[in-house]
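**Q** So TrEMBL says this about it:
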type	residues	note
REGION	A:1-33	region 'Disordered'
COMPBIAS	A:1-13	compositional bias 'Basic and acidic residues'
DOMAIN	A:1-356	domain 'Aminoacyl-transfer RNA synthetases class-II family profile'
BINDING	A:Asp96, A:Leu97, A:Thr98, A:Arg123, A:Gln139, A:Asp143, A:Arg292, A:Tyr296, A:Tyr297	L-histidine binding site
2 protein chains.
Amino acid sequence: MEKTGAKSKENHRGISNQHIALKTPKGTRDHGPKATAIRQRLLDQVVRVFRKHGAVTIDTPVFELKEVLTGKYGDDSKLIYDLKDQGGELLALRYDLTVPFARYVSMNNISNIKRYHIAKVYRRDNPQITLGRYREFYQCDFDIAGMYDPMLPDAECVKIVCEILNEVGVGEFMVRLNHRKLLDGMLEVCGVPAKMFRAVCSSIDKLDKTPWDEVRREMIEQKGLDRESIDRISPYVAMKGGLDFFKQLTEDEQLKANANACEAFEDLRLLFEYCEIFKISNRISFDLSLARGLDYYTGVIYEAVLLNDDRNELSVGSVAGGGRYDNLVGMFNPKRKQQVPCVGVSIGVERLFSVLETRAVDQIRTNETELYVVSAHKGLHLRRLAILNQLWTAGFKAEHSYKRNPKLLAQLQHCEENQIPYAIILGEGELSRGVVKLRDISSRKEVEVTLDTLIEELRCRLSTEL
Amino acid sequence: MEKTGAKSKENHRGISNQHIALKTPKGTRDHGPKATAIRQRLLDQVVRVFRKHGAVTIDTPVFELKEVLTGKYGDDSKLIYDLKDQGGELLALRYDLTVPFARYVSMNNISNIKRYHIAKVYRRDNPQITLGRYREFYQCDFDIAGMYDPMLPDAECVKIVCEILNEVGVGEFMVRLNHRKLLDGMLEVCGVPAKMFRAVCSSIDKLDKTPWDEVRREMIEQKGLDRESIDRISPYVAMKGGLDFFKQLTEDEQLKANANACEAFEDLRLLFEYCEIFKISNRISFDLSLARGLDYYTGVIYEAVLLNDDRNELSVGSVAGGGRYDNLVGMFNPKRKQQVPCVGVSIGVERLFSVLETRAVDQIRTNETELYVVSAHKGLHLRRLAILNQLWTAGFKAEHSYKRNPKLLAQLQHCEENQIPYAIILGEGELSRGVVKLRDISSRKEVEVTLDTLIEELRCRLSTEL
């Protein structure tokens, strides 16, 4: 009897404490008030720069028809999150903001637009939490679509990257720069067959993290490239530098004779000229080993990297990247006569967040409360509410304890812990004389202020923009 | 031969124009620059009010473990979007922001927090585009979690609703108010069996749109309620009014004798007192037919409705709603000793958007460009870039045509169409004298400004906050 009883009790407990895994899905996380505050500040800075350059913003659904995403991401398509077939259309979560942008431009027959879009994207990748790589993360894209003269929009994108990184203040950085057609030309003159270009490029792209010998072995063993071509590629991808190096490369006899390389040289010559005027050419590292993974680039490509300044900081690698992609919009509407060429840049806000989070001091405020209305003793909660109502009406950010009779010390402690600048302290004695105490929380100095002049006094002190 | 040829040509065309449906998923839509600008302005206003009341903000993933959502939405659970099982966890898109909030509070062992959260939620409902009901839409929630004294947080939520609707300026409105325990008490005294409370409430909740006879028939035929109970409910749910009506109801002999009703009366008495101090009691319509759909409410419930002001406006129904839910956080962690009671409000931003969109004049600006740098004739694009760079460095929002040699008229027309306040016009003659023309776009007046004083002059005119 007893045994059975014990067992049934156990079962019962098992049911009532029904186990729900209290976690967010794998590779995702919540952002609490502090993280959100840091993020919001960063995004505000980024948006201010986008706005300075005349951008509008748009919003697209978090999921797209599955077929919109199909065939856009090569091998990485396996990382797309599909929605369950619950009847109706087949849907998938967006993988980036560029394909939805191209779909939007094509669907609405837009011939030119300059827009930014900040939103979350989804990749069913193996999350590497320690490296700050998640399955849900923000992208922050700026793109210029339209038929314009060569390199004018492209140079502005590079300028924007520099403005943002300066503004955010994450230390020194460089912008690595290359051109898809120069890559093609280089591979041509090195004797690489055209059908192997993309595969070889994806190997070359690893050179920023992987030594040449390893990349060389990958090209031979996995990509099946002949040793002779590889030996010819080797000196090119080892080279990088500024304008001087670029000029030197344009004298390379083999490249000079290659049509693709010449087109790229013409673009890059203009780009260097414009970057000189924008006073950012010192940031630019022309680098033949930069290839970038995505298939859709057709022209200039670039990537910003933070320079380690010996302060032993998190090495976050690239913090922005982009380039020209002239054919993506056309893929959605092959019948349309006029192409819509595009160039853009994606700011790596997640990586910037992690740099800023490691630096962020503890004292980050998560709310903006300016005033805390305090009861000095019991029985004053209605007076507190009346004062609060006046403050809100006047536009102040004001709070109180949601207790009828909170302890004075607890209220003042709350102000100190939350860096609220002022407390307004109510007491029966003062109120009968028509005054309250105004306490400066950091200095702990108190002055009496008459209720008549309270709002005016506070406006002065807080110079509220009303 | 010819026939075959024609056919193969057709096939070929069929393949190259591979048909991708150029649309967003059913029940979703893009928001273009104009819609986004209107939305951003509204959300800024709403956030300002939340901030005034000391709220922080958090961010949670767009999907949750399926089991987190299970058992929270009753019948509506069938509207949850599931993700495809691609190996690993079973996931679903969030259905609202309240359940993720409760999960967040529980998971992080938070005992009190005041937060807002603005994000999209997902419901696989039958979209009613004409009524502005979509499958993807924004929610905009403010909640206060923590052990506080009765009705102090609740009254502040109602105050916030009033502040927001005043601020947004969508005309007159009322806040309908009721209490879950009063509903329970009313149903008890009317002889409704306890197990039928929720079903009968959901019928009563339709009374704002459906005549009594129809609701009565539903309660008899679908819910199986006896006629006598219904006849006793009838006078109660027909009643509504302000403080006077509330006082009158507290004298109802039957309700006075009911424990649930008495608890509710005590809450409501306090709430009316606090709302009087907050100067919003004129907005309150105490209404026994308000029930609200969600199961998790445990106390005061409210709903703001716009009043038709005979201007033949879109009838959008409720534009905000919320209430107290004291048990939801506990559902995630039954072992935790201390409950975390909550009260909150959800601002119906989608409905407010649609009201604002129908009112919005055409002249809404979608970007913030202040200055447009114009070439008066050929050959000046490098000079344009140099001036632009100065303007950006000084913090101005400035653009130019991305063409080397754009037509003067086209550039000025662009300024007029896009309401850009000023054009800076470059001409060889002026530049050789060290001046440019500054053109006020709306008045078409032009003055010469020396390059030395240009930035200063522009700061004056635009009173840029730098």
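Using the three backbone atoms N, Cα and C, a Cβ is placed for every residue, glycine included.
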**Q** Within a 10 Å radius around the Cβ, which one of these binding-site residues has the most neighbouring Cβ atoms: A:Thr98, A:Gln139?
**A** A:Thr98
**Q** Measuring CB to CB from A:Asp96 (L-histidine binding site), give everything in the same chain under 8 Å that is also at least six residues away in sequence.
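**A** Residues satisfying the criterion: A:Tyr73, A:Val121, A:Gln139, A:Ser346.
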**Q** Just name the most isolated of the binding-site residues A:Arg292, A:Tyr297, going by other Cβ atoms within 10 Å of its Cβ.
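**A** The binding-site residues A:Arg292, A:Tyr297 were compared, and A:Arg292 has the fewest Cβ atoms within 10 Å.
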**Q** Translate the DSSP assignment of A:Asp96 (L-histidine binding site) into the three-state scheme.
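**A** DSSP assigns A:Asp96 (L-histidine binding site) to coil.
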**Q** Taking the residues A:Asp96, A:Leu97, A:Thr98, A:Arg123, A:Gln139, A:Asp143, A:Arg292, A:Tyr296, A:Tyr297 listed for L-histidine, what is the greatest CA to CA distance in Å, to the nearest whole number?
**A** 22
